[in-house]
DNA sequence: AGCACGCCGACT
DNA sequence: GTCGGCGTGCTC
């Protein structure tokens, strides 16, 4: 007998293992990776086939057959099923969560419990008759609890039945097409038509142009200028055949300009050859391409991909979400045309689903996408690229908490293909691995377009204060902005706002407006004139007086982009500014619209936050101003310096990318800090050396691996109790090569009325760590959870907030 | 997760 | 005596 091992779509500890199901002789084709509908308990659920076998230990009386196969082509490949198992183990999550993370959201199933009357309306009791009046099928959950009870009782007698309806979130899009008959038949029809049927004649005349062809009904309606009923008449009369045809949603109809292959510089050539050799040798080697901004990493990617395609293999290119601008995708589509699929958050569920299907069917060979594109169901991968590999967006913040870089390397090993990590400012972890020879380091230190690196100057804002300038703009920056305006060049102003939201403070008594549910200040949103909590979404009005001392000197502190714009216009009233922040880019496509408007020269200044740090490459930008470079330095986070360095280096790279000389002005209150000084000189390696010393001294990655355990509970005593118990358990289960830090209150010690504590594990060799963590999770799932404790385990957290 | 089973207190 | 509270345990 054939047996399928199935992981069911129930995200719980108790069912986090395969269940066996019988595959009858007449069962449709089932493979590893197939989605199947199976009876589970008294209901039906979707499951994923993760194994096939001939025998089972399950009691034959219990063994049930699968109900049906959901997709003809298995949703997942065998490789991805294996990867899900690996991810579940390494990120401490359920296998079902890992499996689902690999599929587009459109394929998630929603369940609806249905009650179906199985006897005629007259045979039902009067109360039941009311329920089923409109239809013999009713949604169970929309009934009142009294009605639900009635149905349960009726089910015992057999008058009604329970069923589960399953629906995929987004359907495959189809369009109606018409099959035009032969010319002879059309002429025959012409004779049959009444003289008065003008519209029908008009339609026939149109169809005469396309004998034996298949036409899209909508197009026919428009071009022949006939209405739906006319076509319906033709269909009913049997003049034309009508059917539905699957179509892909059109993503970007605009014409992609052909992107010409560039000649490589010596440095680029050397990097390219190293990667090409690994591609040709089918070698799972990880390269770290360290190339300064503007050194032409993309061209190396493109030519390596070209090589992969020549070999009949496929490539995945990951790009940080924010950098997935049309500029970037245009380059890939321009070079490889129809072979490219694009995946990012600006696409609708349906569009992502369509792109995914193109990949699954092998209709494309290159995917350019954000984090989740790492799960592209290719079967013959030849290369995986992570551009800007240091970006924290490659780490998924919720379950399954995977890092795309780790997944890439796993897939590279599976497919025997190289992985190429590219960055101007590699993550410390990556560079350290390259130093140790785990990754192969490739360096590019020149800009091919001969454009010089921009001149960077650092302005000490403390000095400005001393000379009486209290504004956000230094004299030097204002002066430089004026110069560019005269020359008709463009300016980018970057506001480093991490950890620097605007909050309200009473100048008399020092009271700040805090969230009543979280241990954090409320943020002022000018657009809606309200205060909001960024952790729990609590919202309130702006108080007219200080709630503590009733003074009227409540003021906003901190610097938002709106304030920056207002202040700039105070100094230079005739300046035109495009502002990019969460407020102006929340609508779909707004991001791209603003960028292209700036590209067309519709404004002199582009002012924004993180989101403008990359992806824009306009030749006319000759000045970049950083308004508060150090604000990200003050975060209590071991990556603060690294983030600041990366940000400043990226931003500086925006200036003068073509023939014009660029200038960067960095305003800061901490001009002597090494991450600012070294970013100024674009000195990655010295920065790496200093920062590594720091990490070593404080025992942070990459000197140690870390795991963060976060506990929360509505009661402070409870959370402390369990945090202590957790730490005790870890200390006893792990040997002394592990350092257990804490427990201690989290940096934000209360969120949503729950107190938060955390424990850190630092280690160099994992030994039995994963067993111990799974044990802890078991304890939590079976005992602690009942006490309403919440515990999350984060492998290699990006920050310790 | 959902759902049934089962064992004790409040009603017809 | 039955209804229904939610503790416990199972789902191939």
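Backbone N, Cα and C define each Cβ position, glycine as well.
Pulled from TrEMBL, these are the features on record:
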- A:278-444: domain 'Helicase ATP-binding' (DOMAIN)
- A:506, A:509, A:546, A:549: Zn(2+) 1 binding site (BINDING)
- A:515, A:518, A:533, A:536: Zn(2+) 2 binding site (BINDING)
- A:541-698: domain 'Helicase C-terminal' (DOMAIN)
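Mapped onto this structure are the features recorded in TrEMBL.
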| residue | record | DSSP class |
| --- | --- | --- |
| A:506 | Zn(2+) 1 binding site | strand |
| A:515 | Zn(2+) 2 binding site | coil |
| A:533 | Zn(2+) 2 binding site | coil |
| A:546 | Zn(2+) 1 binding site | coil |
Near residue A:533 (Zn(2+) 2 binding site), which residues of its own chain have a C-beta under 8 A away, given they sit six or more steps off in sequence?
A:515, A:517, A:518, A:520, A:522, A:523, A:539
Which residue among the binding-site residues A:506, A:509, A:518, A:536, A:546 has the fewest other Cβ atoms within 10 Å of its Cβ, if you could check?
A:509
Other CB atoms, at most 10 A from the CB of residue A:515 (Zn(2+) 2 binding site):
25
Just to confirm my parser: what is the rounded mean pLDDT across the domain 'Helicase C-terminal' (A:541-698)?
82
Within 8 Å of the Cβ centre of A:506, A:509, A:546, A:549, which other residues of the chain have their Cβ, at the recorded Zn(2+) 1 site?
A:507, A:508, A:510, A:511, A:547, A:548, A:550, A:551, A:553, A:554
Around the Zn(2+) 2 site formed by A:515, A:518, A:533, A:536, which additional residues qualify by having Cβ within 8 Å of the site's Cβ center?
A:516, A:517, A:520, A:522, A:534, A:535, A:537, A:538, A:751, A:752
Compute the C-alpha separation of residue A:536 (Zn(2+) 2 binding site) from residue A:509 (Zn(2+) 1 binding site), stating it in Å without decimals.
27
Around residue A:549 (Zn(2+) 1 binding site), how many other C-beta atoms are within 10 angstroms of its C-beta?
13
